[in-house]
Amino acid sequence: MNPLALSLILTTLLAGTLITMMSSHWLTAWMGLEMNMLTMIPILMKTTNPRSTEAATKYFMTQAMASMMLMMALTINLMYSGQWSITKMTNPVASNMALMALMTKLGSAPFHFWVPEVTQGVELTPGMILLTWQKLAPLSLLYQMATYTNTNLIYLSGLLSILIGGWGGLNQTQLRKILAYSSISHMGWMLIILPFNPTLTLLNLTIYIMLTLSIFMILTNTFTTSMSSLTLMWNKTPAMTIMLMTTLLSLGGLPPLSGFMPKWLMIHELTKNNSIIMPLTMAIMALLNMYFYMRLIYYSSLTILPSTNNMKMTWRFTNTKHTMTLPTLITLSNMLLPLTPMISMLE
């Protein structure tokens, strides 16, 4: 892609997200979401092949349907209340429609159908943007709507997302699809805690983005996209394999890694609000995710295929630009748990 065109696309993507996040007016927030959607399409089609074209078409059709539903909800709210304020959507029909539209944009169940297919059809870098950056704008709107949303609809979507995210990833062999189902599951955790403590939703989103960025950067550096290529990682890059193993354990929420912190705080918050059955159900369903994370760890780290190469280290390196981004992300992804008391005091 032309560097000038790419810089323009990325700038517009950044501007669309920031417009939505800083807006308190529904019309400008909707415009930011549309800028976000339209600039994401050429990013998904960075490589022109039938699969990426199909993925971009699916993404456009789903997001356009969600945008149309959101605009219909805003029009209904305007007819009844006469205002465009995000924090004052008083009509229950409009509120539920807007909530479902934003859930579709987030890719939470039962509106998740497009996420695995689109993620699998594109390269790793567009998939990384899709599963991380594209969550910011819709979640910022849900954060502002948290006081008057339909909690039953949020709980239903959250529990379904955790269940489908764990269940759908069990029989997958493609890493992008596994990470897509992992994203659906994490969206469920964020949605359920949203009515109780929106700050914990932001904490969970921050740690999820750090973990997902780390995994995608490792997979991009090692050119790994499937379980079969994952089995060769230990022979080629042992250090990267160990980093991938610890990051996957953190993504599954295993102590004493960073991913355990948001789950711990969310379960504590739910039990503090006299909700016992829901956190217990969430913790049990999260074991499904932990199973396929352990499956990835087994294939990458605990299985070494027979090899005729006696050299344990790579002797010929490609010319890559060294960066501090990945080590920093890996450190943050695995070592933030001791900060839990300080973070819980800031809530």
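Cβ from N, Cα, C; glycine included.
Here Swiss-Prot flags 3-23, 59-79, 93-115, 150-170, 178-198, 199-219, 242-262, 274-294, 326-346 as transmembrane segment, drawing on sequence analysis.
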Notebook entry, point to check: Can you name the far-off residues of the same chain, 6+ from the ends of the transmembrane segment (326-346), with a Cβ under 8 Å from a Cβ of it?
Noted result: 203, 207, 210-211, 213-214, 217-218, 221, 243, 246-247, 250, 255-261, 264-265
Checklist line | For the transmembrane segment (3-23), sequence-distant contacts whose Cβ falls under 8 Å of one of its Cβ atoms, 6 or more beyond its ends | finding: 29, 31-36, 39-40, 42-43, 86, 129, 133, 136-137, 140-141
Checklist line | Contact between the transmembrane segment (274-294) and the transmembrane segment (59-79) (at least 3 Cβ pairs under 8 Å, separation 6+) | finding: no
Next item on the list: Please give the sequence-distant neighbours of the transmembrane segment (150-170): residues at least 6 beyond its ends with Cβ less than 8 Å from one of its Cβ atoms.
Entry: 92, 95-96, 99-100, 103, 108-110, 112, 116, 177-178, 181-192, 194-195, 278, 281-282, 285-289, 291-292
Note to self: Under 8 Å between C-beta atoms and at least six residues away from its ends: which parts of the chain pack against the transmembrane segment (59-79)?
What the structure shows: 26-27, 30, 33-34, 37, 40-41, 44, 89-91, 93-98, 100-102, 104-105, 111, 113-114, 118, 130
